[in-house]
Amino acid sequence: MSSTPNKHADYPRLVADIGGTNARFALETAPCVIEKVAVLPCKEYDTVTDAVRAYLNQSGATGVRHAAFAIANPILGDWVQMTNHHWAFSIETTRQALGLDTLILLNDFTAQALAVTQTSSKDLMQVGGQKPVEFAPKAVIGPGTGLGVSGLVHSPAGWVALAGEGGHTSFPPFDDMEVLIWQYAKNKYRHVSAERFLSGAGLSLIYETLAAKQKAEPAKLMPSEITEKALNCESPLCRQALDIFCAMLGTVASNLALTLGARGGVYLCGGIIPRMLDYFKTSPFRSRFENKGRFEAYLAAIPVYVVLSEFPGIAGAAAALGNHLKNV
């Protein structure tokens, strides 16, 4: 929302990535220049306005007129009720309370998708494929606490991020083992989405299924425990769970690539994959990604990148704000 759209080149701009646990704030002091990043625990502030004011005081920022917040929520209107924290607020009332000319909110994964367009090559690790086709659609998928899914389509005004809830599409099992895991999940949940498996909790669910099948102990493990034991070769069952997780990610990523025609590349965000880069390069991900019968050659050409940048949500919020101010 903007009350005086004429002076839209002003810096610094306030950008934030707000989750259920922490709110990350920063200042964009020039195009694509992010400074003074700070992480504030959400629980220490009664309202989002209180957290913003605390950051502005802490950073010594003055003259901030424009802001964009990426938030772990769908943005469906002026009223925002966070699903994983108690903050609830009106965007317009918050803008007025902070004395801003502009305040826009966007879904956090939409922001991560936009950040892809500003990510330098040093913050990307390629896993197979050839060179991306310039201006072709890009697919963005991010397993973490949940499963974020987006896409980027080029327009005369620049890159447009597709806001959706693709992580909640139905998961398609590939082989007999995945059918068994899918059935185990189906017995626990009414609908088995891709996110049920391609998330931290999903990795635990895959392990739980394998442990139940083999009557192995421990019956359950945390995602970090599974990853650690798998990478340190301490548990064949954990390694199997991680292999299946990566194969499933290959299936879902290739489905998204085919749906979007993502010859501009597939970009993997989220907190899980960057913790196992060496393993991931040779994991079942890439072979499963290309295993699409008649479209194997089509997918073999598509590059996949692991995004390694530290604060993609903040960079994406800055990109969204820049796009907004260009067009008001």
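The backbone N, Cα and C atoms fix where each Cβ goes, and this holds for glycine too.
Counting every protein chain shown, the number of other Cβ atoms lying within 10 Å of the Cβ of Asp17 (ATP binding site) is 27. Sequence annotations record features per position, and here Swiss-Prot assigns ATP binding site to Ala16, Asp17, Ile18, Gly19, Gly20, Thr21.
Thr21 (ATP binding site) falls outside any helix or strand according to DSSP and counts as coil.
For Ile18 (ATP binding site), the count of additional Cβ atoms within 10 Å of its Cβ stands at 27 [all protein chains shown]. Listed in chain order, the extra residues whose Cβ falls within 8 Å of the Cβ center of the ATP site residues Ala16, Asp17, Ile18, Gly19, Gly20, Thr21 are Asn22, Ala23, Arg24, Cys42, Ala70, Ile71, Ala72, His85, Asp108, Gly313.
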